[in-house]
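Taking it in order: structure first as structure tokens, then the write-up.
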């Protein structure tokens, strides 16, 4: 075993694949299970298996088959094959045993065939339906079906909940439409298959009731939950109540980890990737407008075994000692045991086992083999493997001869090593030529064969030979010592003192043996500097050793050492660089003396970075603010020699964390580490709710509203509101408590409430520590009702063919059951139903209004109603009105004009009304001057022409009691005597100084556009 061939080519087994636990479906026909086991070894490993501590017998007629190292089990059966399996890998170097793999059989029985008892629930009350799952392994997942598949029960805003612990279906408050047939669907997931089954129907009938109720937690997670680190745990919580309670979670003794996500507001709190920081007391709170309920339980985190230190393969010479250790972590506490070649190893003869320590004294060849350290607790078992090789060999320098050429510097020292392979350990000695070397003032030979020569001179050059001998043989090896000139520092770096951000150069020059290369390196506080880093702070000149430091930072302060090196020696010189800058972060920040509005902070001084600390400031943030802000302190200005201060003006019952920042004349330093989060003590509220108001609502209701108080003003738990209200000018108050911090309104119903009755209202907040101050009194009115009286003396007058004016006598405000908003005019034509009437509302309290868009010469019915925010009152007595006949739809015809110097005369023919049109009472013309009205007998007009080659724009139309008729539009040019007439459905011939109209012609777009531009000229 001790041969060179063994060492180079033979090694013990090392697992590459180990068996894994498996859940196999019970009763699966003609199935197979394969448990994997493969190991790397030289020579190749052979394999054997054990189940439940007994050897697995492999025969031709057996249902076991060995494929390479894998164990194949044909047609697995629960009673015969379930158990714990381990694989053994074996070769001439030793044996190792695999982790245990558990083969278990999964099953899910059917629900009983008996019918399930029907259940009755009352509307608004909570209830549950029991799943009563059949026998099974492993754990199930649960869903519920309503009436028929696949109509699954949904959460419905948190009203339904399916417990994944019991499978029961919970209902926070029943509703009439919840009546139906319910089926519990159970599903089992195994490694290679899935199975589901569902129960008989449970008939749920919901009876009417509808009472409100406070939250009552009915699904409670355990008071103590044990969970594994790195895994996910879930806590269930669900409450009955009407209205449906909302849920929220908190960590009582810390901050709820952000990784719980949205589950913090749901019935299942999911904590993924558990760590020991997640241990603690958790609370579920169910709350609604009717009250709150809470439940608490502790989560304790445990851990599977995990290696912190493992042993490694060792080659140890015969007769020596072996020391191996393995260290593992886990919770609960681990048990550690040892195996040698797969068999238990305990303290005996030369072997000493002490938990994770193994010691073997006076090693013998038979101690060689495969060793395993095994760490286990109830959550798992882990194995660490190593091979021990005990060596026996005559001295041999072939793999590690003495160095052939050993250079050394004159005046320095040299080390020559002698490390032959040999077992047991050989005797070593040195000679120079024929002279045996012994210890002297300049020569030392250590017990392990190292030769030291000090204060070297040229005379020490020559050949040196190491001799090795044990009871198996002898060997020697020779090297040559060559003496060179020593390396010396000629220009050493000097101490420097700079401010942060400045530059400095540290010099370093050296002399050396010309036959060798010289290199320079620099270190800071003993750590070698990387001078090749791009954009770094350090730069070195190529030909000399000078070090340039650019934009020096505080971290660059310290002892700089220049090392000038050749292959045989080195010389060093050091200098101190002081970098002055802002102070470092204070340390040891702790919070003391916590009360309602103040805390005391204590800290230890940080490094002042060579400039005295002038002052401190304290920064803080609360759970509702992620930004740090400066806090008010006592004293206001904290001197640089202080190590404590009080933070004042905090909010009660708030979570805070703090930082301390030191500063000096060079600036402010980095903040300290944040303090541990603390919560100030509770106190009664100190401010009143704001935004007090209300109004509106249904008949016989008084609605009071306010702005919910933010968390930072609640000052304690058990928070709510106290409302005081009374009818205006009455002595007694009604007092109501609203026990929910998020409430923003209260509805008071009373059949005796008169409409729009004024109430005095005030509000204050309360918590478990007391009550706060009252708000200012606000006046809030009960709900309005529709006006009970109608306007009187309705009068409707036709203004034109298309417009009427309606007037009425206003109603008295005392009869409007609220604030009168205005009036609504309803109008409809004769032979139409009143329900189809058109409606127009006034925007204020005017008692006249015009209604336009009507048909000419038509009879309309008109009525007027008063309205407020609750609706309209009764209609007034109706009146009737007939719109006037329409005006002629023809413009004045035969229009002509003449220009005379600076004037133009326009003439037209009289417009004659038809029988169904209103009489023409005159004409209107509108141009560059204001609108002018002419009497009926006038059919011409003289107008001045504009100066500077402008234009006259003129519109002429008839008018009468039915309104304005159609118009002609005329444009007259002064400069060239060319005039243009523009009007719909008429053609114009343009003549110099005189124009005649013709019908049935439409102007194209560019003429109209020119007209628009001309009109803008005026």
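Glycine too: its Cβ is placed from the backbone N, Cα and C atoms.
For 13-104, 112-199, 215-300, 305-389, 395-482, 487-578, the entry in TrEMBL reads domain 'Ig-like'. TrEMBL lists 585-683, 688-785, 790-886 with the feature domain 'Fibronectin type-III'. Sequence annotations record features per position, and here TrEMBL assigns region 'Disordered' to 671-694, 871-896. Here TrEMBL flags 673-685 as compositional bias 'Polar residues'.
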Q) Under the DSSP assignment, what numbers of helix, strand and coil residues are found in the domain 'Fibronectin type-III' (790-886)? A) 6 helix, 47 strand, 44 coil
(Q) Cβ under 8 Å, sequence separation of at least 6 from the ends of the region 'Disordered' (871-896): give me the contacting residues as numbers and ranges. (A) 786-792, 794-798, 800-804, 808, 811, 816, 824, 826, 854-865, 906-914, 916-918, 920, 923, 939, 956-968, 970, 981, 983, 994-997
**Q.** Integer mean pLDDT for the domain 'Ig-like' (13-104)
**A.** 93
Q) Are there three or more C-beta pairs under 8 angstroms joining the domain 'Fibronectin type-III' (688-785) and the domain 'Ig-like' (215-300), sequence spacing 6 or more? A) yes
Q: Name the range, of those listed as 305-389, 395-482, 487-578, that has the largest tally of Cβ pairs under 8 Å with the domain 'Ig-like' (13-104).
A: 305-389
Q. How many helix, strand and coil residues does the domain 'Ig-like' (112-199) contain under DSSP?
A. 3 helix, 40 strand, 45 coil
